[in-house]
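Peer 1: Starting off with a structure, shown below.
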Amino acid sequence: MNVEHKRYYELDWLRVLAFFLLILFHAGMAFSSWGWHIKNTEQSEWLTNLMYFPHQWRIPLLYLISGAGIWFSLNSRGIVRFIKERATRLLLPLLFGILVIVPPQIYVQRLTEGMTLSYWQFYPRFFDGIYPEGNFSWHHLWFVVYLVASIMVLLPLFSWIRQKNSQGRSNLLYRITCHPYGIHLFAVPIVAADWFLAPIFPPTDQYLIGDWTRFSVLTIILLIGFLFCSNQKYWRVLLDSRRTFLVMGIGFFAIRYLVLFNIVIIPDSGLIHHLYDIINVGSSWMIILAVLGYGRRYLTFSNRFLTYCNEAVYPFYILHQTVTLIAVYFLVPLTWHWFTKFTLVTVSTVAVTWGIYHYLIRPYNLTRFVFGLKLQKSDSKLPKKVCET
């Protein structure tokens, strides 16, 4: 049973909120204890520990929402048209982003490392070798690369599921998983990937080749998002059990923080280690289910702000890290407190990215095209699409 298109505004809200978290996350990276492209001298363990929580579920949530968007997209168009539109919306902005948006990020990092070239002298060197030893990289656009690869892998399965669903055939999977306990069976392949693939393919820095554990997990989550939108009963489960999911997610994360702070020590192997892997996956899984459930409860509406943000979020994603790194480059040499600089980086990122989007991208079809937005007709207003990623 399909869920009507108009009832998924909560996914638009959650996507916008998740990308805003991404802006905060990248603004905070320069001031956390984690490695990043440019680092502030003073770093905050408090900020690092705070960032740890959303970092565990933000990307999986976005992948799940992307899977939902694919369900809607395939329901309103055929496979051929879907492929053409995804190529325009994903591959063209990816190419533009790699060639135009990412190089300034590499440039300012190299300046902090002692390079003295101008930007135009540096640009031909952007193609010299693979980052970090070289300069060529897709940086934060790795999400699009992985998403395209996941869609290519799953497209035949998406088509088959959609065909079965349109024929109204009951499915054993729905009967098993469409209730508060069975829904957690979707997490089993995620745990299995962590158990069996991670020892062979430990996570890398989003280079795709060799990063098969992360890619497999995200591909599974994309499929789960697609399946969630193929039957209304999943959303009833998410709505009714949201409090339970939230409590369990917080409980699992409490255990993870005990390990993070070395209050509890987990051995590197053995049964306890595997149980902790389940807690790791379960904490993120429960929070994602809770977020979806609370979104279904409180965010099933639209307004002009959502319509604006829903279109702006993709150009914001493409642009924001370049703006962030340039702001960090100019602010980290100052002797101000890290929180002051973090605040200025965040405000600068939002303000400058919004200005570029609103005045240079949104009004013009050429820039809309290279940033993956639909072209505007002369008499049209903002498009009103619901959750297509």
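Sequential numbering from 1, following the chain as shown.
Yeah, the Cβs are placed from backbone N, Cα and C, and that goes for glycine too.
Take a look at what TrEMBL says about it:
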DOMAIN    9-357  domain 'Acyltransferase 3'
TRANSMEM  12-37  transmembrane segment
TRANSMEM  57-75  transmembrane segment
TRANSMEM  87-108  transmembrane segment
TRANSMEM  141-161  transmembrane segment
TRANSMEM  181-201  transmembrane segment
TRANSMEM  213-232  transmembrane segment
TRANSMEM  244-266  transmembrane segment
TRANSMEM  278-295  transmembrane segment
TRANSMEM  316-336  transmembrane segment
TRANSMEM  342-361  transmembrane segment
Peer 1: Give residue numbers and ranges for long-range contacts of the transmembrane segment (342-361): same chain, 6 or more residues beyond its ends, CB-CB under 8 A.
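Peer 2: Same-chain residues near the transmembrane segment (342-361) but 6 or more away: 23-24, 26-28, 30-31, 47, 312, 315-316, 319-320, 323-324, 327-328, 331, 367-368, 371, 373.
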Peer 1: Are the transmembrane segment (12-37) and the transmembrane segment (316-336) near each other by the rule of at least 3 C-beta pairs under 8 angstroms (pairs 6 or more apart)?
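Peer 2: With 3 or more qualifying Cβ pairs, these stretches touch.
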Peer 1: Cβ under 8 Å to the transmembrane segment (213-232), counting only same-chain residues 6 or more beyond its ends: which ones?
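Peer 2: That would be 1-3, 8, 59-60, 63-72, 146-147, 149-151, 153-154, 157-158, 161-162, 165, 173-174, 178, 186, 189-190, 193-194, 197-198, 200-204, 206, 238, 292.
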Peer 1: Who are the long-range neighbours of the transmembrane segment (141-161) in its own chain, taking Cβ under 8 Å and residues 6 or more past its ends?
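Peer 2: Cβ under 8 Å, 6 or more out: 59, 62-63, 66, 70-71, 74, 79, 83, 86, 90-91, 93-94, 97-98, 101-102, 206-208, 214-215, 218-219, 222-223, 226-227, 230, 317-318, 389.
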Peer 1: Taking only the residues in the domain 'Acyltransferase 3' (9-357), give me the average pLDDT of this model.
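Peer 2: Average per-residue pLDDT within the domain 'Acyltransferase 3' (9-357): 94.
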